[in-house]
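Listed in TrEMBL for this protein:
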- 7-71: domain 'Complex 1 LYR protein' (DOMAIN)
């Protein structure tokens, strides 16, 4: 990891911790705010520790993009959790005879960047 990339990653981590520190839940309830703050800190800690040994520049860039996307979506919608997507079973096939394996491949490709690591950790 280059020093510039390292600084960018550490800056993102600090930004997430700052967001968690100042987070207010949409409902305004204290218990929910505390729960959401803890979720933000735990999610960041888990994902950053999981990816600390990544050395491939392309994979590092993908992780940084995912982090930035999750930050922006969380701030925009005021929810710390990733927004789920719904793809109905066999909903991606446009030709007859598509197999389940092909459907799984299409689902993986069509998954938004902000959900790439969510299912791996959760």
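One-based numbering along the chain as shown.
Even glycines carry a Cβ here, placed using N, Cα and C.
Owing to the predicted nature of the structure, the values given are computational and were not obtained by experimental measurement.
Secondary structure of the domain 'Complex 1 LYR protein' (7-71) per DSSP (helix as H, G, I; strand as E, B; remaining residues coil): 52 helix, 0 strand, 13 coil. For the domain 'Complex 1 LYR protein' (7-71), the mean pLDDT of the prediction comes to 93.
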